Structure formats: structure tokens, C-alpha cells
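Since the structure comes first, as C-alpha cells, the remarks are kept for the end.
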Amino acid sequence: MAYSWDNRVKYVVRYMYDIDNNGFLDKNDFECLAVRNTLIEGRGEFSADAYANNQKIMRNLWNEIAELADFNKDGEVTVDEFKQAVQKHCQGKKYGDFPGAFKVFIANQFKAIDVNGDGKVGLDEYRLDCITRSAFAEVKEIDDAYNKLTTEDDRKAGGLTLERYQDLYAQFISNPDESCSACYLFGPLKVVQ
């Protein structure tokens, strides 16, 4: 149940983009993402220029997401609307065939997780990313998920490259197979209520 396609898409909305935790996506979430991304990129330092750039990116992203997913045009994208948009625009497709808004989502997420900026998401960064969304009694739970997610080649390379991350993210939101390795992209999942 936790790795079902339905739950994975709910998870993306709830834990990745509904920053203000009101149960839906709206313009405010993307304004908050601009602040968050600026601070993450600056490793805690706030650059007005970087913020202005992130504001522009996030405003454009919200406008594109609203165009793709706000079917009733009320200024809010519900979980159901987001699921419909994913089904319509992403399901069964590779990353390269996704709409621009989804690609920006994915690139920004990679940038936020790649804390050391080496172009790879290693086990240490994966652990840090996982604990920002869920509680774990043992680190082994996270490590086991990382090992299910990654291949031997990924681990030899020092982690997931951007290209590999893009492919896994595309599978996470578009592949209905509950046993695909991409199900572990954001760690051990819980059922989203």
C-alpha cells in the first residue's frame, strides 16, 4: 500500500511541495519553495540575487503547474488534480517526455538533496533527505531503502547522478509497478492519509 502509485503521488504532493501543509498546492507553496531553495543553495546564506532568480523560477513553475493541473481554476491544485495531471502528462513516459514543469520540479529536488554539490546523491545525502520527511527508529531502515533504490554501478560511482535521479523520479511518479526500485527514491514510505 505504501508503494502503490496512488500513495507515491500523494507523497510527492504532501511531503515535497505542500510546504505550508494545507493539503493542496497553491502559489504560496511555490513562494515558500523559492525561500527554501535559496537557503539550501546558499547552505544557510541568503543571497538576494539568488532569491530573485528562484522567485522567478518558482512563479513560472506555479503558473505551469496550475495550467497543467488546476482543472477547476480555483488557484489550488488538490492531490486528485495533481494525480490526474500526472496520469495525463507523465504516466508511461520517460523523463525526457515530461512537461517542463515536472522537469523543473525534479531538477530542483536533485539540487536540494545534493548538499555537497558534487553532482551525485550519496548515502549520506539520501539519509539527510529522508529524515526531513519521516521519523525512523534505526538508520538501517534508510540504508536498506537506499540499497534497494541503487544499483551496484550507482554505489561504485558514489551515488545517483542527475540523469539517474531524473530517470528514477520519472519512474516514481509514472510507473504503477510497486516493486520497481524507484519506489525507494524518497526513502521508506509511509501510507499518506
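Quick reminder: no glycine exception, Cβ is built from N, Cα and C everywhere.
Note that the structure is a prediction, hence the values are computed from the model and not measured.
Swiss-Prot tags one of the stretches 94-111, 130-147 as region 'IgE-binding epitope', and that stretch is 130-147. According to its DSSP assignment, Lys120 (Ca(2+) 3 binding site) is in a strand.
Sitting within 8 Å of the Cβ centre of Asp114, Asn116, Asp118, Lys120, Glu125, and not among those site residues for Ca(2+) 3, are the Cβ atoms of Ile113, Val115, Gly117, Gly119, Val121, Gly122, Gly159.
A mean pLDDT of 94 is what the model gives for the region 'IgE-binding epitope' (49-72).
Taking only the Cα positions, the spacing between Asp114 (Ca(2+) 3 binding site) and Asp74 (Ca(2+) 2 binding site) is 35 angstrom. Within the region 'IgE-binding epitope' (10-36), the DSSP-based counts of helix, strand and coil residues read 18 helix, 2 strand, 7 coil.
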